[in-house]
Structure formats: C-alpha cells, structure tokens
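**Q** Have a look at the structure that comes next, please.
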C-alpha cells in the first residue's frame with residue numbers, strides 16, 4: 001500500500017521539486033528585471049502542487065477544502081506572475097511598457113478573499129463533496145458564478161502574456177529567436193494542457209494532470225537558463241542589435257562566421273540574409289587578419305575601410321564589441337560599420353574653405369569668430385581680440401568655454417544668450433543683437449548659420465563696433481527733446497512727459513501740480529544789456545531752477561522767457577512752497593556786464609490736479625497760465641494760485 005502511495009505521489013513530488021529548484025535558480029539572477037516575476041511564477045506552481053498533494057490525501061471535507069483554497073491562492077497568483085514575467089522580459093518591445101503589473105495583485109487578492117469565504121456565500125463551489133478513488137480523495141463540485149469570474153480573469157492575463165512573447169518572437173533578430181521560442185514553449189505548456197483538457201480532448205481530469213505540466217514547463221525554463229542564459233542575454237538582444245539601426249551591424253561567432261546581421265548590413269553588402277549567414281567575415285569585408293584582437297571589452301575603432309557602391313567609393317569606420325559571458329568566456333563579436341563618406345568629404349571641403357575664410361576674416365573691420373557644431377572655435381581674427389580685450393590663446397582656455405569668455409565681457413549677457421539659444425537650439429538661420437561691453441564699447445552682434453555646399457558645419461559670429469553710431473543716435477535723441485539754449489526739455493517733449501504723468505495721477509488718484517513762470521521785464525534786460533546777456537540769463541535761470549527741484553520733477557522751456565515745471569504727486573500747498581523757493585533762488589542770480597550787474601525776478605502761476613476732479617493737460621496748463629497772469633497783475637515777483645473752487649486768482653506775496 002505504501003509503495004502504491006509513493007508511486008502515485010512521486011510524479012507530483014518531482015514536479016514540485018523542479019519548480020522550487022527553478023525558483024532558486026532565478027533568485028541568483030536578481031540583477032535582471034524579469035527574475036522577480038520568474039521566482040514568483042516558479043514558487044506559486046510549487047505551492048499549487050504541494051497543496052494538491054495534501055488535498056488528495058485528506059478524507060475530511062473541511063481539511064480538503066482548506067488545501068483546495070490554498071491551491072486556488074496559487075492559481076490566482078500564477079497568471080499575475082506570468083503576465084509580469086512576460087511584461088518585464090519584453091519591456092522595450094510592447095506599447096504599454098510603463099504599466100506597473102503589481103496592481104494586478106489587487107483583483108487577485110479579492111478573488112482569493114472570496115474563494116476563502118466560499119463557505120459563507122457559496123458562489124465559487126456549488127455542492128462540494130469528496131469522491132474517493134483507489135488511493136486518493138478528490139474534491140468534486142459544480143462551478144459557481146464566481147468561478148466564471150476567476151476563469152475569465154485568469155485566462156485574460158495568460159492570453160495577453162502569451163501575445164507578448166509572440167510579438168517578441170516575431171520582432172526578435174534571428175540570433176535570439178531560439179531563446180524566445182524556448183521560453184514561449186516552456187511557459188505556455190500548462191495553459192495549453194488546461195485548455196485541451198477542459199475541451200475534453202484528453203481523457204484525464206484537469207486537476208490530475210495540470211500539476212505535472214508545471215514540472216515539464218520549469219525543466220524547459222531551467223534549460224533556457226543554462227543553455228541560452230535566458231536572463232543574461234536579454235539586454236544584449238534588446239539593446240545591441242536593433243533592426244532599424246542605421247549603422248550596419250554584423251554578429252559573428254568565435255570562429256569569425258556570421259550568425260546574424262541587420263537590414264543595413266544586408267544593404268551594405270548587397271546580399272540577402274541566406275547568403276551571409278555562416279560565411280567568414282573576412283570574405284565579406286576587407287579587414288586585417290588580426291581584427292578581432294582590437295575588440296577588447298569595449299567598442300574600439302579598428303580602421304577605416306572603403307567599399308565600392310554604385311560607381312562610387314564609400315568610407316566606413318569599423319568598430320568591434322566582444323560578447324562575453326558572466327565567466328568571461330568569449331561568445332562572439334558585434335561588428336559595427338558607420339558610414340563616414342560625407343564626413344570625409346566635408347573635411348576635404350572644409351580645409352579648402354578654411355584657407356579662403358581665414359584670409360577674409362583677417363581683412364574684416366569687424367570682430368569675427370567661427371564655431372563648429374560642437375561650439376569649438378575654428379578661427380577668429382585679431383579685431384575680435386581687440387574689441388573684447390581677450391587674452392592670448394583665449395579660445396583654448398581650460399577653465400572657461402570661449403562663449404563664456406565672450407559673455408563675461410558684456411554688461412548684460414542675457415540678450416546674447418537668448419540669441420545664441422535661438423540660432424543653435426531653434427535652428428534660426430540668422431539673428432542679431434546689440435551688446436554693451438564693460439569697456440564702454442557697443443557692438444552689433446550678427447550670428448549666422450555657416451554652411452558649406454548646403455550642409456551646416458557651424459556658426460559665424462560678427463561683432464561690429466557701434467560705439468560712435470550709438471553716441472550719435474543718443475545725441476540726435478537729446479537734440480530732438482531738449483531746448484538747445486537752456487538744455488531743459490523742449491515744449492513738445494515736456495507735454496509728452498506731463499501727459500503720461502497726468503494719466504498716472506488719474507489712474508492712482510494722486511495729486512499733480514504745474515508751475516508756469518515768466519521772467520519779469522525780460523525785454524528791458526535784452527534792451528539794456530544785450531541779447532547775449534539775455535541768453536546767459538535764460539541759461540542761469542534754467543540751471544538755478546533744476547538745482548532747486550526734486551530729482552523726479554521736470555522742467556521745460558515753454559517759449560521765449562517762459563518755463564514750465566511738472567511736480568508729480570504734489571498737492572497745492574507743497575507746490576506753493578516749491579514755487580516760493582524757486583522765486584527766492586532766482587533773486588540771487590547776478591550776471592556781471594560792462595553796464596553793471598544784471599539780475600532778474602520771476603512771476604509764477606501754480607495749478608494743481610486734485611484726485612476725483614478730472615481735468616485735461618491743456619486745461620491744467622491754462623489754469624497755471626491764468627495764475628501767472630494774475631501774479632503779474634498783482635505786481636510781479638510773486639506766486640499766484642489758481643483756485644478751481646472759487647474760480648478766482650488770489651495772489652501770494
């Protein structure tokens with residue numbers, strides 16, 4: 001009897017042992033992203049088998065149901081681990097690679113909870129009972145509604161995971177298809193058997209045969225671990241041999257025979273895949289006999305070779321990667337050929353162009369510098385060094401990039417950096433910007449994309465000294481807004497400033513005052529001392545007024561001997577104080593002449609804008625003019641204020 005039990009249970013014990021062994025093997029591959037899911041897959045299958053063994057040995061219904069619940073715990077987790085393994089293994093090949101499959105444990109956990117509470121709701125197993133056989137006790141029941149949900153959830157994950165492997169197999173290079181196929185067969189066997197058994201195509205009970213398939217499945221996976229380095233070679237297959245790589249890539253074994261190649265290599269050698277596989281690499285490429293000695297541990301340039309192509313000669317840079325196993329044993333080589341024909345032609349053209357460009361650059365009155373595509377200085381002229389006061393060999397400084405050295409010479413480098421970003425990062429063909437240097441020089445910087453026969457090879461920066469032009473423009477601007485005799489604002493510009501300030505006062509409810517002043521008996525000054533003295537008196541008056549006003553006050557020449565003053569944020573009382581201070585300051589002006597000292601007095605009219613009482617600038621100036629008229633009527637050399645409330649003009653001595 002004991003021997004019969006041993007014979008009956010031995011296949012299940014062997015299957016469980018295989019699953020545990022594979023799970024242990026997978027734990028030694030912790031560095032791979034797919035190993036965690038494989039460990040969970042193998043151990044879940046082991047729990048399933050062990051639970052099934054204890055279940056068929058239990059004759060009491062309660063104990064039998066306990067082990068069956070534990071079996072369904074493993075059955076709920078298995079699809080999740082299988083889906084996660086497929087997702088991680090095919091991480092870069094599937095469209096939703098960022099999906100975190102750990103969230104799938106939530107519905108799996110809910111299913112497990114409902115299964116273990118089946119004794120309360122009875123939605124999973126209907127009428128469970130034990131049916132004894134010759135040796136074991138089998139649990140029989142009808143499937144409830146929850147069992148259907150369990151089945152749909154399980155086989156949905158299994159189907160998706162299997163599709164991942166199928167997609168991986170179709171897109172994998174020929175060299176790696178065998179390992180993908182082996183993995184696909186190993187993982188799909190249990191699920192194919194379960195489907196075939198459920199359809200009645202195998203005259204066996206599903207719960208009897210399915211645990212045995214787990215052992216077979218894990219044996220195949222174990223063989224892949226050792227034979228194909230399943231969890232080790234995936235990064236090589238995934239990262240090194242892209243089918244759409246523009247460079248030609250050829251994989252050879254240790255015997256230097258071609259194992260696989262990408263489409264670019266087939267096109268380069270003008271040969272189909274069938275005629276390349278198995279051929280000696282030296283029969284295909286003009287490589288030196290010792291070419292393999294150069295590929296030591298990393299990508300190393302061997303040489304530049306030339307190949308005929310459609311009546312022309314194409315040049316290639318050849319590199320080699322050694323493929324090493326974990327123990328350091330050589331397993332093959334990857335040869336990469338990068339077409340450098342255009343680069344070599346550009347180098348020839350560039351050398352020819354640079355000779356001509358150098359002569360042009362040195363003869364230019366502007367500072368010129370040419371950068372290549374890596375922003376290294378190709379050439380520059382002496383004028384650039386003079387403009388920016390650069391040290392000798394400035395373009396080869398270790399601590400500072402040439403662009404940083406130029407930017408440090410600018411008072412504000414932000415416009416330069418913005419223009420630099422536009423032409424380099426945003427592919428703007430040409431841009432210009434005005435820059436002020438710490439030396440006081442103003443330059444106009446013109447940045448141009450430099451092309452050779454239509455191909456961009458760098459950028460040309462031109463710096464033109466604009467200092468004299470800027471000073472001339474500033475002088476013209478000053479002449480346009482100032483009175484040439486007195487140096488204060490002319491009437492047109494004063495009105496512009498005053499209108500802006502009045503609008504601000506309206507907007508923020510602030511006071512604003514206007515003072516209009518006139519020289520008393522100025523005609524007598526001209527007639528007595530001459531117009532030259534009169535001009536000197538106007539200049540002295542303007543200077544005295546400016547020295548007695550606040551920095552934010554504005555004075556302008558209104559016309560003839562009349563001046564107008566703007567007092568922002570000033571009420572009527574403050575304006576009167578300022579007007580009186582000006583009147584007393586002017587009294588001390590004395591200009592010596594052959595006819596004696598010439599002196600003057602002034603009359604001033606004051607008007608004020610008060611918040612809440614809208615008024616235009618013309619109305620405000622007119623009010624100040626009326627106040628000035630009143631000051632003169634009251635005897636001159638005094639201040640008069642325009643009163644809006646009383647509409648009369650009182651004089652103030």
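Any Cβ shown, glycine's included, is placed from N, Cα and C.
Annotated domain 'PAS' per TrEMBL: 241-285, in sequence order. Summarising the annotation, TrEMBL assigns domain 'PAC' to 298-352. Annotation comment: TrEMBL describes 510-644 as domain 'GGDEF'. The transmembrane segment annotation in TrEMBL covers 6-26, 38-58, 70-91, 103-124, 144-167, 179-203.
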**Q** Against the transmembrane segment (6-26), which of these stretches has the most C-beta pairs under 8 Å: 38-58, 70-91, 103-124, 144-167?
**A** 38-58
**Q** Looking at the transmembrane segment (144-167) and the transmembrane segment (38-58), are there 3+ C-beta pairs under 8 A, with each pair at least 6 apart in sequence?
**A** no
**Q** State the non-local partners of the transmembrane segment (70-91) in its own chain: residues 6+ outside its ends, Cβ under 8 Å from one of its Cβ atoms.
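**A** Same-chain contacts beyond the ends: 33-34, 36-38, 40-41, 44-45, 47-48, 51-52, 55, 97, 99, 101-102, 104-105, 108-109, 111-112, 115-116, 150, 153-155, 157-158, 160-162, 164-165, 167-168, 183, 187, 234, 238.
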**Q** Mean pLDDT for the domain 'PAC' (298-352), as a whole number?
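**A** Mean model confidence (pLDDT) across the domain 'PAC' (298-352) is 77.
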**Q** Which residues of the same chain, at least 6 past either end of the transmembrane segment (103-124), have a Cβ under 8 Å from a Cβ in it?
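**A** That would be 65, 69, 72-73, 76-77, 79-80, 83-84, 144-147, 149-150, 153, 157.
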**Q** Mind checking which residues reach the transmembrane segment (38-58)? Cβ under 8 Å, same chain, six or more beyond either end.
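**A** Result: 9, 12-13, 15-16, 19-20, 22-23, 26-27, 29, 64, 66-68, 70-71, 73-75, 77-78, 80-82, 84-85, 136-139, 187, 190, 207, 211, 214-215, 217-218, 221, 231.
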**Q** Taking DSSP states H, G and I as helix and E and B as strand, how many residues of the domain 'PAS' (241-285) are helix, strand and coil?
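**A** Here the numbers are 14 helix, 11 strand, 20 coil.
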